[in-house]
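So that you can see what the record holds, here are the features copied from TrEMBL:
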| type | residues | note |
| --- | --- | --- |
| DOMAIN | 8-87 | domain 'Manganese/iron superoxide dismutase N-terminal' |
| BINDING | HIS26, HIS80, ASP160, HIS164 | Mn(2+) binding site |
| DOMAIN | 93-192 | domain 'Manganese/iron superoxide dismutase C-terminal' |
Amino acid sequence: MSKEIKPLSFKTDCIKGISQKTIEIHHGKLYAGYVNKTNEISEKLGELRKSGKVTGNQIYSELRGLKLGETFARNGSYLHENYFAILGGDGVPTGEVKEAIEKKFGSMNDFLEYFSQCGMAARGWAILAWDMNEQRLMQYNCDAQNHGGVWGCIPIIAMDVYEHSYFIDTGSDRAAYIKAFFENLNWNKINQIYLQAREFSLNL
Ligand SMILES: [Fe+2]
């Protein structure tokens, strides 16, 4: 079954500090590109399996190329879906997720300051996740979406810090973009994701 491109849940001109042009390129070209490539790779893997000529080689093989692309494209799709789903709000924290963050990080300000610095330290993504192994919120970074992810985690807040997220608007000033990202967060949606995610735990 083909994966579909999820539409934005907000109007692009209602975002403060991140331009309409940035959001439209980011969603309509880059995110859409990840979804389209996810489908293309999935189709090619299916054809390769059906051909009966699957040969793996760790230096280079068609299978290796597709498998590398698969995790990059799928994780790119999933993380962007979280990113766009949690934008379009008023930036005012609320709900049980707010309480859980305050409990873990001391205060919401402490969390936002820490998460902001994590964003400055990453080359790709800073993520607040529900870790099903730990059964608590954890913060993880990754430099590319297929390097550094932790298995058994559900992203609650996925903050894209690749330059394409902000360079048109703030140039090299990533901190200004991160501040704008926080100001546009939809905490009702973040809380909804948190409540769904915390139902899952891994007891191996
Ligand atoms: Fe992105």
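The backbone N, Cα and C atoms fix where each Cβ goes, glycine too.
Known features from TrEMBL, placed on the structure.
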residue : record              : CB count, 10 Å
HIS26   : Mn(2+) binding site : 22
HIS80   : Mn(2+) binding site : 24
ASP160  : Mn(2+) binding site : 26
HIS164  : Mn(2+) binding site : 13
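Summary of the Mn(2+) site environment: with the site residues HIS26, HIS80, ASP160, HIS164 set aside, the chain residues having Cβ atoms within 8 Å of the Cβ mean position are HIS27, LEU30, TYR31, TYR83, TYR162, SER165. Mapped onto three states, the DSSP output places ASP160 (Mn(2+) binding site) in strand.
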